[in-house]
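Novice: Pulled from Swiss-Prot, these are the listed features:
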ACT_SITE  Cys72  active site, proton donor/acceptor
ACT_SITE  Cys183  active site, proton donor/acceptor
BINDING   Asp9, Ser10, Tyr41, Gly42, Asn73, Thr74, Thr184, His185  substrate binding site
Amino acid sequence: MNRSIGVLDSGVGGLTVARELMRQLPHEQIIYVGDTLRCPYGPRPEEEIRQFTWEMIDFLVAQGVKLIVIACNTATAVVLKEARQKLSIPVIGVIDPGARAAVKVTRSKRIGVIGTKMTIESNSYEKALRHVEGQVVVESLSCPPFVPLVESSQTSGPYVERVVANTLKPLLSYDMDTLILGCTHYPLLAEVIGRVIGPNVQLISSGDETALEVSALLDYNGITADLDRIPEHVYHATGDTRSFERIASDWLHHPVQAKRLVLGTEEEKCV
């Protein structure tokens with residue numbers, strides 16, 4: 001089935017998942033929506049996160065997508081269960097895949113989780129980890145400065161190193177062997193996070209495991225794309241498209257052109 005896969009995020013972070021989808025499923029076409037105008041979602045009230053996420057979901061459904069990936073940990077924590085109940089197409093989040101990936105690699109069963117305020121306060125990762133491995137010990141930390149850094153294209157340099165080091169300081173005394181990057185923005189800071197946290201801690205991003213789950217669901221539902229299909233990915237951003245295009249082009253390693261999307265109106269539209 002040559003309909004597109006819909007991928008949504010509060011901003012550019014979901015591109016880390018989209019890149020893995022493109023790598024593992026090269027014949028599948030993606031429609032990406034990043035709500036860069038209203039990013040970050042983490043500090044927002046739950047009802048606001050729910051409203052904004054449903055606006056993106058409704059837009060993607062109107063585009064005729066065959067499957068939706070909520071490539072935002074905060075939105076996954078708030079909306080995934082509800083979306084699965086209400087929609088007739090498969091919907092995948094990024095928390096369960098991230099938890100499974102962490103349990104696969106940990107030896108000590110001591111796992112750290114970093115994420116947005118909402119994701120950490122929801123305890124979604126702790127629940128998901130304990131569902132997979134009941135003996136796991138989890139230490140979580142909210143990292144509010146990280147998403148604004150990524151959205152403003154600041155992913156390296158002395159200032160970023162300083163911010164990351166100061167933010168992660170409470171975790172440095174925790175004896176863990178695995179750290180979940182519990183926000184899809186955070187892999188863009190992975191090099192800096194890795195230097196701060198040390199070489200003995202494995203960093204986990206949910207992109208790879210999420211793509212595996214998407215592949216399995218496409219096969220199970222008989223909706224995989226034709227193998228001779230050449231996809232033309234489509235990108236939408238609610239904020240500054242030039243900034244989005246710059247970050248997306250760097251991360252995806254190919255030129256990206258984005259359409260401006262207006263959400264929150266009676267009829268979502270591209271401008």
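Note: Cβ is positioned from N, Cα and C throughout, glycine not excepted.
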Novice: Based on DSSP, name the secondary structure state of Asp9 (substrate binding site): helix, strand or coil.
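Specialist: It is in a strand.
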Novice: Looking at substrate and its recorded binding residues Asp9, Ser10, Tyr41, Gly42, Asn73, Thr74, Thr184, His185, figure out the farthest C-alpha pair and report it in angstrom, whole number.
Specialist: 12
Novice: Can you list the residues of the same chain, besides Asp9, Ser10, Tyr41, Gly42, Asn73, Thr74, Thr184, His185, whose Cβ falls within 8 Å of the substrate site's Cβ centroid?
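Specialist: So the additional residues around the site are Gly11, Gly13, Gly14, Cys39, Pro40, Cys72, Ala75, Thr116, Thr119, Val147, Cys183.
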Novice: How would DSSP class Gly42 (substrate binding site) in three states?
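Specialist: Where Gly42 (substrate binding site) sits, the three-state DSSP reduction gives coil.
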Novice: Do me a favour and check the Cα-Cα span between Cys72 (active site, proton donor/acceptor) and His185 (substrate binding site); whole Å is fine.
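Specialist: Answer for this pair: 8 Å between alpha carbons.
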Novice: Could you find out if DSSP has Asn73 (substrate binding site) as helix, strand or coil?
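Specialist: The residue in question, Asn73 (substrate binding site), is helix (DSSP, three-state).
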Novice: Among the recorded positions Gly42, Cys72, His185, which residue has the fewest other Cβ atoms within 10 Å of its own Cβ?
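Specialist: Gly42, out of the recorded positions Gly42, Cys72, His185, has the fewest neighbouring Cβ atoms within 10 Å.
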Novice: Using Cβ atoms only, which residues of the same chain lie under 8 Å from Asn73 (substrate binding site) while being at least 6 residues apart in sequence?
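Specialist: Listed in sequence order, they are Gly93, Val94, Ile95, Gly98, Gly115, Thr116, Thr119, Ser124, Gly182, Cys183, Thr184, Ser206.
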Novice: Let me check the 10 A CB neighbour count of Ser10 (substrate binding site). How many other CB atoms are there?
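Specialist: Result for Ser10 (substrate binding site): 32 other Cβ atoms within 10 Å.
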